[in-house]
Amino acid sequence: MSELTLPQPLTPQHWLTFWAPLGTSMPSGHWPQVSRLVSDSRRIQPGDAFLGLSGVSQNGTDFFDQAVTAGAVLLVSEGHCWQVSQYQGVLHLQLPLLSQRLGDWLAQLTGLASSDLNITAVTGTNGKSSVALYLAQAWQALGYNARVIGTLGRGRPDQLEPTTHTTPDLLTLHRWLAQWLAEGVTHVVMEASSHALDQGRLNGLPVRCGVLTQLSRDHLDYHGSMAAYGEAKARLFLRPELEAAVINQSDRFGQSLMDRLSPSVQRLCYATEHDEPVSVPTDPVDLSIDEAHFHDGGIRAVVRYGQGPTAETGLLEAPLIGAFNLANLLAVLGVLLSEGLALSQALLAMSQLSPVTGRMQRLTRSGAPTVVVDYAHTPDALANALAAVRLHCLGRVWCVFGCGGDRDTGKRAEMGRMAMQYADQVIVTDDNPRTEDPKVIREMILAACLAETDTTDHNTGTMAHRSPGYDQALCHAAALCDEVAPREAALAHVLQQAGPEDWVLVAGKGHEDYQEIRGVRHHFSDIEQIQRLLAGEVHS
């Protein structure tokens, strides 16, 4: 809901002191005192102020009529300068730089600007949800009152409420934070999507620490280029109030970002040889892995903090699957250490972490293949997830996936190639086709899968061409590809075909409990469907 109820009604002085030029006199006539700011005209109630903000495809001023009809008593929009006028008998304020400065104003009104609320924002193509939730869990384990905001939901890390966006709109974000501040919350961890950073949804928030997990292809339908995508991510680390930055130095973008940080920002970089895309750090890292072991119960690794004779080591244990989760864990550890915690204290808190729903979530039944449900919906994430499964699997690795409609079409072929290179058996099915024809999406993926099959050297059983970052020990050459739709049929098919020592990665939807087809969301959960299949409640 794009609305914010303020602790006290807004007087003319609230507007004048922040928005108007110094010395501006109080306008004559009636000035309504409002307590509720709303940016969605459908949510307007009598007595509200409507903020006509500009969006990606719409201008909020186009909805002034609707807002007036619903009872708005004050209309606000962006203008070149401070200006007061009337629109259909309703006071209309035009404010300079509204989209840029609104967050700062809201933070003053709600008390966030002067609070001690500890906010960490996590950005990156992959790993945001896991890092955010693990960090919130760690703060809770250390005795703090923590909340999280992201794709998986918002609230206490063990009592999440659903969210519609990874990072909500500005008013909603300030409403949640103000509410939590009043409830005594001390720490908030939030995902910062590239869309949110580009659109200024974090403006005004006192972000103490920024985290970069990594950068790889995604959202080019919105940003247009990887350069623009990276620049949106970089905005998190150029904020003037930022005190600390935790950055993945195994990522090329992370390396370039280090040079752009303000000298006043505490920097803590981490690296692990298991990261993708593989890139050797150019500078010494603060956090690294000496050795790691992957077993049925999860990960056991020796962590090194610092360099040279003063470096410390400690044991990191977590019930998580896959080498790439080491990078996620190091990111969490980096934030804790940036707060001044001892390595032993931070590792003890992290030993209490719980797996994230729909993120490398393992589902098992005796005599059946092991199924792993993951949100991987980018080429890099899919390759990492399959490589993680390979580390634990004694049999064949299966991959069931599709691609979302109305999104970056270029990554469909790349995901098909990754699936063929990292899995033994590939089943292409539907994801969230949205308004697109699902068969057309599948055909685009299958074309790449078949092209990848054609690059196999059938005399040697090896791939004739390798993608960057290809690991021969983790990839199998002659993956077989099949098309099964709809998604529930694909899940039933794979559980019927896979053997008890096989592992099946079901990728793309993770925690989601819906499937969007022709613009309509229908209830569908990979986790629920697989659990029913494993229990024999539905026939495979």
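Even glycines carry a Cβ here, placed using N, Cα and C.
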Of Arg407, Arg417, Arg532, residue recorded by TrEMBL at the meso-2,6-diaminopimelate site of Asp431, Asn432, Pro433, Arg434, Gly508, Glu512: Arg407
Intrachain neighbours beyond the motif 'Meso-diaminopimelate recognition motif' (431-434), with Cβ under 8 angstroms and 6 or more residues off its ends: 377, 401-407, 441, 487, 508-509, 512, 514-519
Integer Å distance between the CA atoms belonging to Glu512 (meso-2,6-diaminopimelate binding site) and Lys128 (ATP binding site): 16
Where Asp431 (meso-2,6-diaminopimelate binding site) sits in the secondary structure, as DSSP reduces it to three classes: coil
Integer Å distance between the CA atoms belonging to Asn126 (ATP binding site) and Asp431 (meso-2,6-diaminopimelate binding site): 18
Ser129, Ser130 as binding-site residues, winner by CB count within 10 A: Ser130
Sequence-distant neighbours of Pro433 (meso-2,6-diaminopimelate binding site) in its chain (C-beta under 8 A, six or more apart): Gly402, Gly404, Gly405, Ile441, Glu516, Ile517, Arg518
Largest CA-to-CA spread of meso-2,6-diaminopimelate binders Arg407, Asp431, Asn432, Pro433, Arg434, Gly508, Glu512, angstrom: 17
Where Gly124 (ATP binding site) falls in three-state DSSP terms: coil
